[in-house]
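The structure under discussion appears below in the form of structure tokens.
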Amino acid sequence: QICNQHNAEAPNLEQALHRMAQTEPNLDHDVSWFLLPSYWAKMVVALISFLCFANSYDGDFVFDDSEAIINNKDLRAETPLGDLWHHDFWGSKLSSNTSHKSYRPLTVLTFRINYLFAGGFYPVGFHVINIILHCTISVLMVDVFSILLGGLQFSNKGRRLNLAPKTSLLAALLFAVHPVHTECVAGIVGRADLLCALFFLLSFLGYCKAFRENKEGHNFSMFWVLVSVILGAIAMLCKEQGITILGLNAVFDALVINKLNVLELIQKLLHKDKSLENAGLLRKGLLFRITLLMSGGASILYIRWRIMGTGPPAFTEVDNPASFADSLFVRAINYNYYYSLNAWLLLCPWWLCFDWSMGCIPLIKSVSDWRIIALVALWFCLIGLICQALCSEDSHKRRILTLGLGFLIIPFLPASNLFFRVGFVIAERVIYLPSIGYCVLFTYGFSLLSKQAKKKKILAVAVLGILLINVMRCALRSSQWRSEEQLFRSALSVCPLNAKVHYNVGKNLADKGNQSAAIKYYREAVRLNPKYVHAMNNLGNILKERNELQEAEELLSLAVQIQPDFAAAWMNLGIVQNSLRRFEEAEQSYWTAIKHRKKYPDCYYNLGRLYADLNRHIDALNAWRNATVLKPEHTLAWNNMIILLDNTGNLAQAEAVGREALELIPNDHSLMFSLANVLGKSQKYKESEALFLKAIKANPNAASYHGNLAVLYHRWGNLDLAKKHYEVSLKLDPMAPGTKENYNLLRRKLEQLQKKGS
């Protein structure tokens, strides 16, 4: 018997007509936990999930956000919306061999909407949407867990009944405050997982609605089954994991709607029993609905494969070392070890890291490795749960355990390396959906303990303590995701062997101008991974700027030897060789870089500088012109063209190039300055003066701007203004070359004029 107070939505519960074959035992009966009306339970879950991650709302763009958002041209208004359907998550063409193949156009569309509403790359709006999405998902989890834990039953008015209000609230709270979700919520790129989860849950709830109007279980709503398939497709367009909901809907249909006993069915199949209909396989249209789900899933996957254009993405050994192991045994052992670590993150989410690759988890190469114990423990627990799920005489227990294991395992399958190689070792974001299954199993275990425990309140206090610890851990981890410095440094203690962690700390320090500290971390990254070409490239760059050219050349030469198509390293090697005055080698390095990256404006710019140093002026101008064609806002290339043409006496050409550049980049003060110099030499004093003044207004502390304007006034005969700007220039830079001499000439001329006047 179920008490009225257990469901505020169905006050006449005792008189309700349940549309299921039998009434199951009440999971809440022995649980000492809060009993709240449905809307209050959802309000509590929403509030607590908000409190966990609220402090991430004003965080920066961090880690992968740069590539997926800031550098993604698909977010900008000038990119046609249609391109989103042909590009991957990072903005590259899906047909490209270098594409990541992560096809998530709906997620990118939400980023684009964020960008347009904010009027630019302001992270607050992006973070707020992520927090709202997690709160919404957590609220939906109350309904989902009420079905998973209490079963699917309806009143005579067609209203779904919550038969496990206490345990569904507990499970939803466990989900809402799980620290492993921080990456999805506080990291903006986690939007993909959140949107996928939202439509994943809506698909599941929609599938449940298909049975709302049953008459003794013989009918179902085809409309809601199709809606469920469509919502599953939308979930997949947010992230690939979304397609797994169709398999879970089929499992739910078999176990809950049709009360299928899997063990009994297997026995009948083994004994070739023809009475499969009695086993529930054909009853209530199950076979038809599963066929519909499978057909829908197959169609979605086929379309997805066609859109992808080519084969799966090409990952490197550092991304997923186990998948590159020659031995099948080594691969299998390490995959299973990764599974055990994912399970441990669900059980004890204390050691969290933004990246688990590059040596963070050394490979297990022998059975004598003590870490084998972890995967043995994992399979011991899984086999025990599976046996209980299949063999238990309690249908209620079988259903909950099977659904819990289904939600734990099935959404994780795309990340398991079983069907294709994935580009990571462990990724906390992919545990977002599997954590649903963990919460089901945890809550069911809590109910079993409560049934046996004499002091139920002590057990409830312990669980409440776990929730509070998780809330605090979420708040702490969210604060670490607020900035790259905090995020990267937090990983040093978790994954000290991860070369990428040291690389990212070094890069963050270098971006802030702390080159000495950055060198230390880059060197450690190279020590941990001697083939880490990106760390070599960045370290070589810093050494080049510090004029430590020999070591810079050694590092960059090694980088291109390890990865011959590394265009950036070839370009930087060319810059070093140019500084060492080995011009032929530098030119060859630049052209090799361009060979591997056809559209490389910075390389053309540096090639132009080399040609200018060699007095190959036409080649220099052509190289800089290529740079501006590929990147019209390349200010340095435009300036160098103007200055070279000016210095070689081609004032008309210099003026034409300067005007062309200013049309494309109208607010660049350095271009105004360069063109003003040309116009002054062409005796177009008025126009030159206007550009100088405009440049000075944009950058008032540039001594050269005031000095060259003074020269213009000097030539023009406007001596008082010339004197004023010479003095400003010397005040800003007393050592400015030529300015002091010109100022002294002007003073002598003014003195002569005064003598003549007197």
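Using the three backbone atoms N, Cα and C, a Cβ is placed for every residue, glycine included.
Keep in mind that TrEMBL annotations are predicted by a computer and have not been checked by a curator.
These figures come from a predicted structure and were not determined experimentally.
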Tell me which range among 131-151, 341-361 TrEMBL lists as transmembrane segment.
131-151
Taking DSSP states H, G and I as helix and E and B as strand, how many residues of the domain 'DUF1736' (311-383) are helix, strand and coil?
36 helix, 0 strand, 37 coil
Among 163-182, 220-237, 286-305, 403-424, the stretch with the most Cβ pairs under 8 Å to the transmembrane segment (188-208) is 220-237
When pLDDT is averaged across the repeat 'TPR' (703-736), the result is 88
DSSP tally for the repeat 'TPR' (499-532), helix/strand/coil in that order, comes to 27 helix, 0 strand, 7 coil
Among the ranges 39-57, 131-151, 286-305, 430-449, the one whose Cβ pairs under 8 Å to the transmembrane segment (458-476) are most numerous:
39-57
